[in-house]
């Protein structure tokens, strides 16, 4: 399975490279975020049937036989060696360093809960800092999910026998 995914990803990356387009250009042409386009081309996200024609228009050399493959639920995995890449390592370091404070602010602003990584949008943007140097802006836009008190009376599997829904 991983081997097949690696082959498909290599093909998708070649199509993107040969197009000469950036993820930002593809995002603009498809109406998706730049990170989501990258996720699609790495088989980390599922291509929506309504989006397929937009992606095909943005990447005319995308082989037709890859489109149905991109519409299948992907195996969302990653190479464990990826952490050795300096950018990925620094992202992990930033989340670990600021994570506890971010969690505390989420709890303070919203209550006991978390940010969804399923109902989630992500983008990477470039801006100039006050010193005139380039800066990276990462936006994580996730739905707030409150934790719930686990009352037995609300546990459907206990109130209705399994198979008799």
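Residue numbers in this text run from 1 along the chain shown.
Glycine too: its Cβ is placed from the backbone N, Cα and C atoms.
DSSP assigns residue 90 (active site) to a helical segment in the three-state reduction. Around the Cβ of residue 90 (active site), the number of neighbouring Cβ atoms within 10 Å comes to 12. The annotation active site is assigned in Swiss-Prot to 90 (among others) on the grounds of sequence analysis.
Summarising the annotation, Swiss-Prot assigns active site to 93 (among others).
Its Cβ taken as reference, residue 116 (active site) is surrounded by 12 other Cβ atoms within 10 Å in the chains shown. Summarising the annotation, Swiss-Prot assigns active site to 116 (among others) and lists sequence analysis as the type of evidence.
Within 10 Å of the C-beta atom of residue 93 (active site) sit 11 other C-beta atoms, taking all shown protein chains into account.
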